[in-house]
Structures are given as structure tokens and as C-alpha cells.
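Swiss-Prot has this to say about the protein:
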{"type": "BINDING", "residues": "24, 65, 68, 69, 70, 131, 132, 133, 174, 184, 221", "note": "ATP binding site"}
{"type": "BINDING", "residues": "69", "note": "Mg(2+) binding site"}
{"type": "BINDING", "residues": "294, 313, 318", "note": "DNA binding site"}
{"type": "REGION", "residues": "4-184", "note": "region 'Large ATPase domain (RuvB-L)'"}
{"type": "REGION", "residues": "185-255", "note": "region 'Small ATPAse domain (RuvB-S)'"}
{"type": "REGION", "residues": "258-337", "note": "region 'Head domain (RuvB-H)'"}
């Protein structure tokens, strides 16, 4: 399991929730980045409003911390409807889902985070609800049991997942709008950091925002978390304003390097370099070497390292790239031809 105190982990921390809520944009025009996704959503939402219909069911997928929950709330705001939120692991029984569905009004949004973790029993109930706006309920037990159908008002299901491949094919096929969120570029993260600083009434210059943005691993949630810790440093050590120099000092103290890596990223890369001669190394061996589970490596650590060109997945296992050697000032070994 990934350690709970990891500053740059993209999963939401309990202490972040109320602060993140205050920083979330409410409308698409205030939403920064994901330009293609934003443009598509504007069209889909306006078309649904013009037809006075519920928006088609939507699946939002991508690495954690990129704004899937925020986007679901924006959709509800833009459509002018209510949103009810839950998560896959919470819906243990069919009755849990039925209770949510029967309390929806016409056009409402039902948001299910971690939808890939729905139990098969709950998923079966979801199929007719999504397709026909009907709920099949079993009344009674044994020979006296009978099925009744309840009509549901048209609604929009928004599912969010970090593992789209883990969804069953029948469930995935029922989403009319699939949206993939990508890591953010530094320019967009600068805009997000500046906006968040304004919400926090924190003075920050362009250099300070850029320094935080480039170490945020392409993830707004991490950018906002780093901003709060840099603010603490600035208030204690300086007059409170976040400049480039202040941000550099704070982030160096927090052990977040220029690439946005912390000790766990460096541990993974150095394990492949030192213990496995640069790779290839299998996922199970790598997980044992760094003391983490497969899911943490695949879902949390690897996506950013692969996207930034520090690791490659090959049929034989993971290998580090020359860029990883350069990051640690290690001479790249000669590869036998």
C-alpha cells in the first residue's frame, strides 16, 4: 500500500477534502486544461439542454487527481440539476443502488467514483436502469419471489475510474460519452496554481506559480497540495509572498525534486538501475524490491514515469531509459549489440 503521508500522491487525502472543494471550478468556462474534453462537453451539454433531455451516460477515466469528480459536478451545474455522489465499494448490495436511483429527479446526475469496483450483483441492477430507465426488484423469497419493474426518471450516470480496462464490456458499452483525462501541462497548472492562490488570498508571483506547477507531476490535486505547503513555508520563513526562490526552497525542503519526484519515485528508478541493471524486470520482482504492491506501481507510480520518458514497459518487463540515468547523474551503461 502507498504511504498515507506521501505529499505527491494523487489520491485525495482526508485533510484535503474541504479545501479542494473550495478551490473547484463550478462551470466549464472556469475549468482549466483538457481542452478537447471541455470542447466536447460544451457541445453535448448544450445539445441536451436544447432538446430538454438528460445528458447521455458518461464515463470519465484517467489517472487519479486530474479532476474527474470536479468535472462531474460541473456537468450537473451546467445542466442545472442535482448531483448525488457515491463510490463503487460503498454499493455493496442491490438495495443500496436502488435507494439512490429511486430518489433521483428527472435529469439528475448520479456520480459513481471507482465504478470499476462495483460488485457484479449491483452491476446487473444498473444495466436496465441505464438502458431503459427501469429498476428490476425482487419481492419476497423462495417460491413466492417475484420480480417487479419500477420506472425511473431519465437521469445521467457519470462513472469515474482510474482503470477503464477493469470495467466489464457490458457496462463500458452502456456509456454514450467516454472521456479520457490526460496529465496537465505546466502552463495550465500555472493557471490553476494562480487561481487557487487567489482563492486562498495568497500573494504569488509568476515564478513561484511556475516552480510549483513544474513539480506537480501534471496533476492539479498535487499542485494545490504543494501550494498549501509552500504557503506554510512562506508564512513562517518569509513575509508570506511566494516567489520563485521561496517556492524552490520550500519544495527542496519537502524533498520534491525538479521533475516532481519524491523518495518513492527515486526508489523505484534506482531499484531498477542498481538491483536489476536497468532492467528488464518483472512487475512482481519490482514490487517486492521497493515494498509496494502491483496496483500502486501500475496505477500511481508508473503512469507519470512512463509519460515523462523515464521508464518503458516491454514484453520482458520494465526498463529505465537513458533519461533516468541522467536524472541521477549516472553514466548510461553500454548496451550490448
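Including glycine, each Cβ sits where the backbone N, Cα and C put it.
Mapped onto this structure are the features recorded in Swiss-Prot.
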{"residue": "24", "record": "ATP binding site", "DSSP (3 states)": "coil"}
{"residue": "68", "record": "ATP binding site", "DSSP (3 states)": "helix"}
{"residue": "132", "record": "ATP binding site", "DSSP (3 states)": "helix"}
{"residue": "174", "record": "ATP binding site", "DSSP (3 states)": "coil"}
{"residue": "221", "record": "ATP binding site", "DSSP (3 states)": "helix"}
{"residue": "294", "record": "DNA binding site", "DSSP (3 states)": "helix"}
{"residue": "313", "record": "DNA binding site", "DSSP (3 states)": "strand"}
{"residue": "318", "record": "DNA binding site", "DSSP (3 states)": "strand"}
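In this structure, the binding-site residues 24, 68, 221, 313, 318 were compared by how many other Cβ atoms lie within 10 Å of their Cβ, and the smallest count belongs to 313. By neighbour count, meaning other C-beta atoms within 10 Å, the densest spot among the binding-site residues 174, 294 is 174. The Cβ centroid of 294, 313, 318 marks the DNA site; residues of that chain outside this set whose Cβ lies within 8 Å of it are 282, 283, 286, 297, 298, 302, 311, 317, given in sequence order. Summarised as a single figure, the pLDDT of the region 'Head domain (RuvB-H)' (258-337) averages 90. Between the CA atoms of residue 70 (ATP binding site) and residue 294 (DNA binding site) there is a gap of 28 Å, rounded to the nearest whole number.
The two recorded residues, residue 294 (DNA binding site) and residue 221 (ATP binding site), have Cα atoms 23 Å apart.
Taking all protein chains in view, 12 other C-beta atoms sit within 10 angstroms of the C-beta of residue 132 (ATP binding site). Closest to residue 221 (ATP binding site) in space, going by CA atoms and restricting to the binding-site residues 69, 313, 318, is 69. Sequence-distant contacts of the residue listed as 'Mg(2+) binding site', defined by Cβ-Cβ distance under 8 angstroms and a gap of at least six in the same chain, are 85, 111, 113, 160.
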